[in-house]
Amino acid sequence: MEKIRERLKFGNKVGDVKLRRRKSQLYSKEDECPLNNGLLRTRVVLFSVAFRLINCLLVQTSFVPDEYWQSLEVSHRMVFKYPLEKDNKTLLGFSFPLFFASIYKILHFINYDTVHLLIWLPRIIQALLAAFADVKFFFLIRTLESRDVAKWTFFCHLCSWFTWYCCTRNMTNSAETTITCLALFYFPLPGSKTHNSKKYLTLVALAVVVRPTALIVWFPLLMYHFWQEHNKLRLITHNYIPIGFWTMVQFNFLKFNVLHGVAGFYGSHPWHWYFTQGFAVIIGPHLPFFLHGCSLAYKRHKILLAPVVWTIVVYSFLPHKEFRFIYPVLPFCMLFCGISLAKLKTRRRPAAFLLLVTNLVPALYTGLIHQRGTLDVMSHIQKLCDVSIVSALPQPDVLFLMPCHSTPYYSHVHCPLKMRFLECPPDLGEEGYVDEAERFYDDPLHWLRTSFPYKSSLPTHLILFDVLEKEISVFLQGNNFVRTAVIFHTHFPEGRVGGSIFIYERH
């Protein structure tokens, strides 16, 4: 028996064992060299910062009212105390504007609170945060996949038209997506070398504080982490409860928007909208690569599909639907797009070029042209601040005859100019409730005549979309209003939103 054992050892002495080194990009000498890693990190950081700053400067259009009315407008009111009509929409995102209020406070303290800085500095900061998230996302993929997949995933992420359109805006959805990227870097994914439970849970909690619906995106991953954790009791008592406790302050948001169904006040869509339109639009030309990548991805990556499917399904049950609501799932999709491009081999470069061009066109069009009028008109109104300083001239009085929250407000004017817009606070259960904007559009002439029975009470300036002009032309002519400016807004007018904005001044 001893002889048989000796024969079965096959010379397995310690000195005889030689392990063959894998010739894989995952184990290349470049990855082992700290100097090369440092240079790569520096290059990625500098490129990401430059890219997002250019991104910020090339987005000069408006998207949704919340990018002003749940951020800059609330911050401006908190710091500068300018007159601002009480409106429930300005109270929904109260936790988010605190950050911008601190920026405004600093600018005011050092006497640099110019209107241009008040508009652009928050956006530049948002762009820098997005660049930081881009860097973390790239190095996360490098730990999970080969350099080739990481490179093409990063390419897909940067050329996404919807990410370009949204990531530098002052929206809670943009901040939520940025924080989600950062949290994903520390999440215990299979194969990840950067996981840290406390850090990722803290970032998830921060995302929930900024926008409570972030919990929808993270719910599958939190459950996955709990299932994989050996010491579940410790995870709950030391991480989930202490970190999650301070997110309870956002219960009012959930109660207001979901339990009371107030979000439905701002419009509703059929249940299948995200499946048939929403997701296809935000992922855009990446869609075939995403589907191809899903079929190729390793089993360990399939956990990243769970937040995508789960988020779309859950949001489909809510009546009010918007493209930006599912924006946070885009980074999860980019890994699968990168896997697809990396596997194409010979057709990779033509496919990448096609992907870049088909994203570049909508990115530049939506960032520079589509819906820019509501921002451009505020530059015209801001010039009236100089007139209001001269007491000899009639004090400007501006009335916005547009769907409520169509434009920014005092954050883009930054002077105590008298302004007013048609209000639309949500229905909180009042019987027969009709907001002011709806009453106006039901009969514009009647509303104007009853609201301004005397010429002395008339505003000096009216701001309106071109589609309204014909309906109120009698009022405009009868009260000596003259059109002084025509501002392009969009090539795709819809309903009460026209292709151009008119400024009328009373003579």
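Glycine residues also receive a Cβ, built from the backbone N, Cα and C atoms like all the rest.
The transmembrane segment annotation in TrEMBL covers 91-111 (among others).
Look at TrEMBL and you will find 117-141 (among others) tagged as transmembrane segment. Sequence-remote contacts of a segment are chain residues at least 6 beyond its ends whose Cβ falls under 8 Å from one of its Cβ atoms, and for the transmembrane segment (117-141) they are 41, 44-45, 48-49, 51-53, 55-56, 71-72, 75-76, 100, 103-104, 107, 149-150, 153-154, 157-158, 167-170, 174-175, 177-179, 181-182, 184-185, 189, 192, 194, 331, 334-335, 338, 411-412, 414.
What TrEMBL lists as transmembrane segment is 200-227 (among others).
Look at TrEMBL and you will find 271-291 (among others) tagged as transmembrane segment. If you look at the transmembrane segment (271-291), the same-chain residues 6 or more away from its ends with a CB under 8 A from one of its CBs are 156, 160-162, 312, 315-317, 321, 323, 326-327, 330, 333-334, 336-337, 340-341, 351, 354-355, 358-359, 362.
Sequence annotations record features per position, and here TrEMBL assigns transmembrane segment to 303-319 (among others). Tertiary neighbourhood of the transmembrane segment (303-319): same-chain residues 189-190, 216-221, 224, 258, 261, 263-264, 268-269, 271-275, 278-279, 294, 325-326, 328-329, 332-333, 335-336, selected by CB-CB distance under 8 Å and a gap of 6+ residues from either end.
Sequence annotations record features per position, and here TrEMBL assigns transmembrane segment to 325-344 (among others).
With a cut-off of 8 Å between Cβ atoms, the residues of this chain six or more beyond the transmembrane segment (351-369) that come close are 58-61, 152, 155-156, 159-161, 164-165, 284-286, 289, 341, 344, 491. The annotation transmembrane segment is assigned in TrEMBL to 351-369 (among others).
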